[in-house]
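Q: Next up is a structure, given as structure tokens.
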Amino acid sequence: MGGRREDHSKLHSITVEQPLTTINRAHSTLHLLGVLAVLYYRSSWLLLNIPTIPYSLAFTWSLMFASELVLAFTWLINQSFRWRVVSRSAFPERLPNDDEQLPAIDVFVCTVDPEKEPTIEVMNTVISAMCLDYPVEKMSVYLSDDGGSPLTLYAAREAYEFARSWNPFCRKYKIETRSPEAYFSSCSTAVELISGTEDEALIDPVDSFQIIHDKKGATDEEHSALPLLVYVSREKRKTHPHHFKAGALNVLLRVSSIMSNSSYILALDCDMHCNDPTSARQAMCFHLDTKISSSLAFVQFPQSFYNMSTNDIYHSFPNKSFKNHENRFRNQASSIQEATFLASCNYEHDTQWGKQIGFMYGTVVEDFLTGFLMQCKGWRWGAGLLEVAFSKFCPLIYGLSHNISFLQRMCYAALAFQPINAFPVLCYSLIPQLCLINGISLFPSVSTQWFLIFVAVHLSWMCQNLREGFVIGGTIKTWWKEERMRKMRCITSDLLACFDFTMKCIGAKQIKFLLTNKVVDEKKLQMYEKGIFDFEGSTMVLIPASTIAILSTITFLGGLVKVIMQESYGAMFGQLYISFFSMMSGYPILEGILIRKDKGKVPVAITLYSAVWAMFILLIFYRW
């Protein structure tokens, strides 16, 4: 009788999750007090003992203090994701019934190398985009092929022909997964769409711009209407920087401006697909809300992996206004000629493209930087993230007067500064262990009250991760895999990202865009499903992790013997625990070195390199 009535005119709703938000805030406050106490302990000990202790010990404690400062900083900015937990609901059924009132959308799909990005996956992405539940007259799909592959062009034509029958099939039987490969994942013949296509016709170079389908809405009795499909392969020259994916996206922006000129853009990676055909309509529920549209930059959907294993060992679990100025085709020949000019490498010379217009240049994480700048204006790379974090575009300081909240800045900063966790994790993987075998205590004794502070902070951190894992259906086993991979990522990819960024800053090396190989290896897939690590990879990535695994084992066993002999259990308990934790997190690597005989084991060369490095470190830092 006196209850609140739901407003059925709203296109979306937002709900603050309670009591989760209150619990998160209480936990963050208590944990912060513990972190401040730890930092006070480190700094006060240093200030009191620096005049009397050796330089080497002072330097060691300073490194530990710096590590804990970095950990405190990254933990603090990550609390922005937990401070106000909300759930959003969209109501696409409340959108205008007249399709003419919906804004137009341009879908951008980018690919480069058909060998590393299988053409069949790219076409599945294109098909899923063409089959979205959105008016075909209001949608256009643009495929950017930076490799200029004839196979990709041929596959795009075949994908269009397939989509003409696939789209009505999905609509008739209400199939939500519009990617054929995902839908027929249990059928071995589902991915043979373009088998046997390597003939002489595919050797010839392709035109830079081709319209695969230009009759929007055209249909017949047996086939469904499909949106515009355009293939774009931009011009590249060695004398002109191409700016990687950001350059490709900017070409699509220019080409689409004369072809369809839609108000909104949907950007998809070539190995993605839309698992909900109403996703475009759901996004419009936010963009068309006049109360928030002026401050809304973009709507992002979380990733959902459809080929996840229950034995996931790699922690892949995911965790200015426009007006609708659409252009109908004027003259097709003139449009193609103009589009070809817009895709040329000379077009951007002495322009603001990549600086003030389009996707931003200067980093390989064009999506992150562009999204952040869009927010500031009111609207993966580890090395690339560091480029943004330590530049004038640092999320914490750039455009402080712009229309972006402090929590949003912290969220962007948490992503940008994530690779610097390599420093504290590396220090905690080496310094306590080396001090353990030398009998040097770095943590309070078990009998002191300060020890309880360190324990409380560690347990608080563990319990928070456990609780968040349980919320999404995880287990203690899942939590352990997550913690193990978090450490391994810090001492592998994040460490190399920091090194790469440092080398670029001193001018010793330029960061290169290395395309991720998306080809599925059946043997590696079987190993993944069985929960077995595959260590066939880059030597530069594996050597740090293997070295630390070997060193942790040696120092734990040697330190344990020394603690027993000296009966220094209380003083060394903290370092024994850290060494044991480090050794157990590196167990898959030790297994790959000592036990496994399959092709996925740690290569012998890497084992030898790592063993030499481990012994070298021990020879330098162990007091014989």
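Residue numbering: from 1, along the chain as shown.
Every residue gets a Cβ built from N, Cα and C, even glycine.
As listed in TrEMBL for this protein:
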- 54-78: transmembrane segment (TRANSMEM)
- Lys116, Glu117, Asp146: UDP-alpha-D-glucose binding site (BINDING)
- Lys245, Asp269: Mn(2+) binding site (BINDING)
- 540-565: transmembrane segment (TRANSMEM)
- 571-590: transmembrane segment (TRANSMEM)
- 602-622: transmembrane segment (TRANSMEM)
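Tell me about the surroundings of these features in the structure.
A: When Cβ atoms from all protein chains are considered, those within 10 Å of Lys116 (UDP-alpha-D-glucose binding site) total 14, not counting its own. The DSSP secondary structure for Lys116 (UDP-alpha-D-glucose binding site) is coil.
Lys245 (Mn(2+) binding site) carries a helical DSSP state (H, G or I).
Within its own chain, the transmembrane segment (571-590) is flanked in space by residues 313, 428-429, 432-433, 435-436, 439, 441-446, 451, 454, 483-484, 487-488, 533, 535, 545-546, 548-550, 552-553, 555-556, 559-560, 563, 602, which lie at least six positions past its ends and keep a Cβ under 8 Å from the stretch.
Remote same-chain residues near the transmembrane segment (602-622) are listed as 430, 434, 437-438, 535-536, 539, 542-543, 546-547, 549-551, 554, 589, 592-593, 596 (criterion: CB distance under 8 Å, separation of at least six residues from the stretch ends).
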Q: At the Cα level, what's the spacing in Å between Asp269 (Mn(2+) binding site) and Lys116 (UDP-alpha-D-glucose binding site), rounded?
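A: About 13 Å separates the two Cα atoms.
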Q: Determine the C-alpha span of the UDP-alpha-D-glucose site listed in the record, that is the greatest distance between any two of Lys116, Glu117, Asp146, in Å to the nearest whole number.
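A: If we measure all Cα pairs in Lys116, Glu117, Asp146, the largest is 13 Å.
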Q: For the binding-site residues listed here (Glu117, Asp146, Asp269), tell me which residue's CB has the most neighbouring CB atoms inside 10 Å.
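A: For the binding-site residues Glu117, Asp146, Asp269, the Cβ with the most other Cβ atoms within 10 Å is Glu117.
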Q: Relative to the Cα of Lys245 (Mn(2+) binding site), which of the binding-site residues Lys116, Glu117, Asp146 have a Cα no more than 10 Å away?
A: Asp146
